[in-house]
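K.L.:
This is the structure I want to talk about, given as structure tokens.
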């Protein structure tokens, strides 16, 4: 054994060939600060070996290196800029020394090689991969950019266009694509990976492969003519501006850095990467996006822990076909759980099956499946007008009309047709689960399961625990949601649960602004362009359905009369009374016509102004700051109340529910991350300016206490150890 660290070891393999093996405790390898230091020490040992002829890098895990240790990021990002820059210089010196070894090097890459893992293998001369490879640089999705030389080596290896596509989008690619663009040199079966890598090394050692020529382009300026450079970088900047926008500085910074570094050799190019990385790491956007990643891991880990003792349902059923029922049936069948889809009429069943078939055909068109797979999946969805097969189902989700009487009747009838241990769930969006449970003989086997539309795209499923829902019931429903590829978050019961409970105060803020003379178009523009929502409130209401919102608004007002009962007729009332239900009937805040792809396209409609004039004061201008404050304060206050009342368990789960269920702008990180970034005292000052607008603007006492003591909702993060302590090699 030449060297042994906590996460890697170095040993002789054969006749002058050494192997450096990543083998961290636990299930995966991460390129954390300690591993970077160990790698430096191991390379130091290699540099002393006079009989070294070649080096093979590999992993003892199912994946090569999944990336940097993101749990370290928030503390690293608090390190002063000079110290962070110093540590990056140290880390890059390690990879440079790996790249500069006087012998050929190869990485035998299996599974994931992401972020720092990808940057590590870019420093070797050759890369051989297994068919399950996923390799790429996802850093821009975390609000940063590659910091271990990825933005320098990848463009010089692949050419600017392919590298920009991966780096700016934070993409990873599979084995076939990696081979095609030159990111790996070969793909072999897993059992032949090490032997194949040794064979390549022997060819390089014997002079059959010119490893020095292979290495050289990574050390030099990027080989692009002036015209090629102008075209590549201009197109890339245009695409990034269009897709990422101003709220996500990392992608455009990465493109500009690669452009600026193109004319330099490795050392100067790495210095430019360093200078760009450090300021990005200190942005609120990076902290928010890293926070989302960590919250996502927390939520998924919690679901895994919750379901460890239950069996995932093997047969499901959906009550109520149509678009929603068809979407749920498709998602279940697509992920391998056969489903019975029941309705009371053929027309709805046809609609549900058509929806499922349409979604499968899209997968076929994209090349994700072939005709055989399509036929196989669709055959596991069984449409029925009766309860045939319900005696075999493990779980039933009801997705009928949002009417408590209808839902109770359907659930009570279904309970008589299923086994004693079958779980029932309701896909209600607002009706309290404990109320629906009153119709059942086995309320302990019942809970809420709130999907979001469109089901196949929206990652969140709210799992609602009723007063009598058992832990086993919740665990089984969480297991099914996870199997369907969704992110389940368990909440306690109340009108609207969590997501809709906090959404309707936001809509109330919108209604009050319109009442006071604001223009709905300006509100939408501000909330989209400035705050960053994917849709402004007017457009969102049109998509959700004015009739749906009108009904839900009444349910919420009955549930929370003190805050949500209004004493005036609002824009939603006016549009509803005029039979303007949004996109579903082509008339809402806008008029809708189908474009060439059959998608609804909004157009101005003068009739809306007349309708809104009846429920509004004369038009006046509002500043962007006031619009944002008046829209967000009611929502954030309600989010805080939900935490204080135990409706949602943690700030992390609340923020993920907002991001995954409502599209809360990820660069803000969610309501609690936004609050912490803004500061609770500053938020309180802002909210107090608008408390005259009513109870929705009154800040909860718990948040007032936070403001008094300047306490954040997320645990404070300590800066990483001084760089001198980090740098141990």
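Heads up, the Cβ atoms here are built off N, Cα and C, so glycines get one too.
What Swiss-Prot records for 1-189 is region 'Enoyl-CoA hydratase/isomerase'. Summarising the annotation, Swiss-Prot assigns site 'Important for catalytic activity' to 119, 139 and lists sequence analysis as the type of evidence. If you look up Swiss-Prot, you'll see 296, 500, 660 marked as substrate binding site. Sequence annotations record features per position, and here Swiss-Prot assigns region '3-hydroxyacyl-CoA dehydrogenase' to 311-729 based on sequence analysis. Swiss-Prot lists 324, 343, 400, 401, 402, 407, 429, 453 with the feature NAD(+) binding site, giving sequence analysis as the kind of evidence. Residues or ranges marked as active site, for 3-hydroxyacyl-CoA dehydrogenase activity by Swiss-Prot on the basis of experimental evidence: 450. Among the features that Swiss-Prot reports, region 'Disordered' is placed at 708-729.
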K.L.:
When a 10 Å sphere is centred on the Cβ of residue 500 (substrate binding site), how many other Cβ atoms does it contain?
P.N.:
21
K.L.:
Within 10 Å of the Cβ of residue 402 (NAD(+) binding site), how many other Cβ atoms are there?
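P.N.:
By my count, 16.
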K.L.:
Just to verify a number: CA distance, residue 324 (NAD(+) binding site) to the residue listed as 'active site, for 3-hydroxyacyl-CoA dehydrogenase activity', in angstrom, no decimals.
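P.N.:
One finds 11 Å between the Cα atoms of these residues.
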K.L.:
Give me the CA-CA distance between residue 453 (NAD(+) binding site) and residue 500 (substrate binding site), in Å, as a whole number.
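P.N.:
A Cα-Cα distance of 13 Å.
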K.L.:
Based on the record's binding annotation for substrate (296, 500, 660), what whole-number value in Å is the widest Cα to Cα distance?
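P.N.:
Per the listed residues, the maximum Cα distance equals 21 Å.
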K.L.:
By CA distance, which of the recorded positions (119, 139, 296, 450) lies nearest to residue 429 (NAD(+) binding site)?
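P.N.:
Going through 119, 139, 296, 450 one by one, the Cα closest to that of residue 429 (NAD(+) binding site) is 450.
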K.L.:
List nothing but the one residue from 429, 453 whose Cβ has the fewest other Cβ atoms within 10 Å; the candidates are the binding-site residues.
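P.N.:
If we count Cβ atoms within 10 Å for the binding-site residues 429, 453, the smallest count is at 453.
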K.L.:
If you measure residue 119 (site 'Important for catalytic activity') to residue 296 (substrate binding site) at Cα, how many Å is it?
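P.N.:
With the alpha carbons as reference points, the distance is 24 Å.
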K.L.:
Hey, which of the recorded positions 119, 296, 343 is the loneliest by Cβ count within 10 Å?
P.N.:
296
K.L.:
If you count CB neighbours within 10 Å, which one among the binding-site residues 324, 400 has the smallest count?
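P.N.:
Selected from the binding-site residues 324, 400 on minimum Cβ neighbours within 10 Å: 324.
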K.L.:
Could you tell me the mean pLDDT the prediction assigns to the region '3-hydroxyacyl-CoA dehydrogenase' (311-729)?
P.N.:
95
K.L.:
Can you grab the distance from residue 343 (NAD(+) binding site) over to residue 139 (site 'Important for catalytic activity')? Cα atoms, rounded to a whole Å.
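P.N.:
Cα-Cα distance, residue 343 (NAD(+) binding site) to residue 139 (site 'Important for catalytic activity'): 46 Å.
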K.L.:
Any idea what the Cα distance is from the residue listed as 'active site, for 3-hydroxyacyl-CoA dehydrogenase activity' over to residue 139 (site 'Important for catalytic activity'), rounded to a whole Å?
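P.N.:
Residue 139 (site 'Important for catalytic activity') has its Cα 32 Å from the Cα of the residue listed as 'active site, for 3-hydroxyacyl-CoA dehydrogenase activity'.
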K.L.:
Would you count the other C-beta atoms found within 10 angstroms of the C-beta of residue 660 (substrate binding site) for me?
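P.N.:
Within a 10 Å radius of the Cβ of residue 660 (substrate binding site) lie 24 other Cβ atoms.
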K.L.:
If I take the Cα of residue 296 (substrate binding site) as reference, which of the recorded positions 139, 400, 401, 402, 407 has the closest Cα?
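P.N.:
Of all the candidates listed, 139 is nearest in space.
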K.L.:
Look at the recorded positions 139, 401 and tell me which residue has the greatest number of other C-beta atoms within 10 angstroms of its C-beta.
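P.N.:
Sorting the candidates by Cβ neighbours within 10 Å, the top entry is 139.
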K.L.:
In angstrom units, rounded to an integer, how far apart are the Cα atoms of residue 401 (NAD(+) binding site) and residue 500 (substrate binding site)?
P.N.:
17
